[in-house]
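Taken verbatim from TrEMBL:
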DOMAIN    9-145  domain 'Fido'
ACT_SITE  HIS87  active site
BINDING   ASP91, GLY92, ASN93, GLY94, ARG95, THR96, THR97, ARG98  ATP binding site
DOMAIN    178-247  domain 'HTH merR-type'
Amino acid sequence: MVEKGHQFITEDDIKNIHKIVLAGIDDDWAGKYRLSQVFITGAPQEPPGPDEVPFRMKKLIEWLKDQQGVHPARVAADLHYRFVVIHPFVDGNGRTTRLLMNLVLIQNGYPIAIIKTEEREAYIDAIRKATVTGNPDDFYSLVFGAVERSLDAYIAAAKGKSIIPFFIEKTELVSESLLQIGKIATLANVAIPTVRYYLEQGFIKPETKSKGGFMLFDPKVVEKIKEIKRLQKEERLSIAELKKRLS
């Protein structure tokens, strides 16, 4: 598959990549399109229904075959964005689409695009903005920047220089008592978009921001999110009722 151009990528190839992604995690659904509607908390719109998925994926492959003479980085980024909108699998969509994006880059002689940890929030925000506005320019810029960084690292390596500075920056000293949004999501056992949704609804708020612009939260926010999830599950409270209860 790597030896061929991106115009030869098939649905079976995508399903096989997904099988690898979910191997040992959810073997029942590995490599299979979803048969139910999925709801992504905090997402601006729902993915297409399960009946639409096969058709949308077929159209995606047709589109990919037509991308001749288009810059590979643009094709890779656009494929990633279009795949995310379809959300064809129950789980593992993000990992699968990032592998697809990098497969296209490798097939065209480019290095992989590495989204650094400190870019994670910007990466998610760019995808959300693209799905809301239909304008993925910010997402394209992020991917193009990642590809350019990898190219610079390759050139440095060819000259016998270290590539570490291209991928690991001097980290800012962040107070150990405050947590970034990704850590909050992990500890509360929810997705990052869910944390963002609660933030938008006013249930939680950051204490401050790091010099890099990342929101920093009090660890108590973790317990508050767990309480919100409990109330939603056990008492089935609406957003308005939750706001009244937690005010």
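Each Cβ is built from the backbone N, Cα and C atoms, and glycine gets one as well.
Annotations in TrEMBL come from automatic prediction, not curation.
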When the number of other CB atoms within 10 A of each residue's CB is tallied over all shown chains, which of the binding-site residues GLY94, THR96, ARG98 has the maximum?
THR96
GLY92 (ATP binding site) - helix vs strand vs coil (DSSP):
coil
Can you tell me the mean pLDDT for the domain 'Fido' (9-145)?
90
Specify all same-chain residues, apart from the site residues ASP91, GLY92, ASN93, GLY94, ARG95, THR96, THR97, ARG98, whose Cβ lies within 8 angstroms of the center of the Cβ atoms of the ATP site, ordered by sequence.
HIS18, VAL21, PHE89, LEU99
Looking only at C-alpha atoms, tell me how far GLY94 (ATP binding site) is from HIS87 (active site), rounded to the nearest Å.
9
Let me check the 10 A CB neighbour count of ASN93 (ATP binding site). How many other CB atoms are there?
20
Candidate with the highest Cβ count within 10 Å, taken from the recorded positions HIS87, ARG95:
HIS87
In DSSP terms, helix, strand or coil for ARG98 (ATP binding site)?
helix
In whole Å, how far is HIS87 (active site) from ASN93 (ATP binding site) when you measure between their Cα atoms?
6
Ten-angstrom check, please: count other Cβ atoms within 10 Å of the Cβ of ASP91 (ATP binding site), all chains counted.
16
Check each residue in the chain of THR97 (ATP binding site) that is at least six apart in sequence and keep those whose C-beta is under 8 Å from its C-beta; list them in sequence order.
LEU79, HIS80, PHE83, VAL84
